[in-house]
Amino acid sequence: MENLRSRLKFGSKAEDVKLRKRRSLLYSKEDGTLLNHGILRVAVFTVVFRLVNCLLVQTSFVPDEYWQSLEVAHRMVFNYGYLTWEWKAGIRGFTYPLFFAFFYKILHLLNYDTVYLLIWLPRVVQALLAAFADVKFFSLLRTLETEDTARWAFFCHLCSWFSWFCCTRTLTNTTETTLTCLALFYFPLPGAKTSSSGKYLSLVALAVVVRPTALIVWFPLLLYHFWQEENKLRLITRSYIPIGMSAVLISALIDCLFYEKWTLVQFNFIKFNILHGVAGFYGSHPWHWYFTQGFAVVVGPHLPFFLHGCSLAFRKYKILLATVVWIVAVYSLLPHKEFRFIYPVLPFCMIFCGISLARLKAWRRPAAALLAVSNLVLALYTGLVHQRGTLDVMGHLQTLCEPTVDPARPQSDVLFLMPCHSTPYYSHVHCPLKMRILECPPDLGEDGYFEEAAQFYNNPLLWLRTSFPYKSSLPTHLVLFDVLEKEISTFLQGNNFTRTAEIFHSHVAEGRVGGSIFIYERH
């Protein structure tokens, strides 16, 4: 009995029970510190990665990259520039360009408003915002999946060629995607521990102000949140309505200030693009274009992994998959289609790609290497080579802003004989240089409508002779794609125009857009 009692150690002489130290992050302050250090390392790496990303994207994508942001901001701060018809019709909001105007104003006040900084500072700011969204996306992944799956999903996200191509550009689509990624961090996904209705709805509202089509992206997610919420009336009265109305009011006040009249750009945007079909003026595609081409190009080499991940995690992330299908389907109903319109689907797709890679096990590393190399080739080619001429040509024209010592030399006058809005404008020369582009506003039912660009390309020589009947009215410089040179060669020779520069643009000549850009100067 004494032996048994000594083994059981009853009474006050019993020793304290020693518990095994838990390794869970929920119980260990030390591990929690390591977690914070891990996020910090990811943040530093991501910032450096996106800054390198920014420097290695030196090509143009679409005109909206400049004409809906930097050109408007330049005019707001420096009081000269050019606004397209969209700003005259009131279908674009000033909130987005005001963001860049803030940085332009700081440069102006500090007397550092050089062309180099006007071009690159907005890009760097976009890169930093993209890096912040990337870190938030990684943090979300760690709450939804295992550490291994989260890392592979983040790897897929960073090596996406289309994200590399777009995320540092001053496009409204870029900011829409960045805000979508941030809002997703606070969205009440199943299993997420970072949800906050107020924060995610505020970010969604801001995305809609920047680009009204962001509502297409978030419509199924808003419905899902409403369906899952127990107190639906409270969600509507304390979140949906106050945040939505505040965003519309602030946007309207900003636009009222710059339009100098009450303007609701969200309504005008819907009226012109949906009811009047103005978007179709800039080209249309068959309804299936996103399903057969667009989506595959945007997702790129990730497509097989996305499809495999969908088969593995369909039930767990059915709301995200439904959102991807919804976005592609709704945009398919619109006649005008572009790759950038479905850019916001990428964060959703990368979750499925990460799940796919994590499950491959033996084939995981070879598949990841193939994914990285294939995306890197696309990213470097599109970022450094394809369509770079329309930016490089502005560097040549910027030299015309330099003061001349020859008093007999006429003031420079540049005419762009190119598809409208092919190049940036005053934001990339930053001087009141006399420049002119071919106008191409859509037919809004006004009397006396004509499209200058269409008239020019129908008969270039007739247009030139009609527009410049006297040599004294001729511009000093012409900028044109090489495919136009033969058609107007007699005009160039007859008016003593000499080619002074040939700038590479693209390996693929398409229609009115050639492989090179020529600058002609009149002597």
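Here the Cβ of each residue, glycine as well, is placed from N, Cα and C on the backbone.
Among the ranges 151-168, 367-384, the stretch that TrEMBL annotates as transmembrane segment is 367-384.
Within the listed segments 107-128, 239-260, TrEMBL records transmembrane segment for the stretch 239-260. Ranked by Cβ pairs under 8 Å to the transmembrane segment (287-307), the stretches 239-260, 319-335, 341-360 are led by 341-360. Most Cβ pairs under 8 Å to the transmembrane segment (367-384), among the stretches 239-260, 319-335, 341-360, belong to 341-360.
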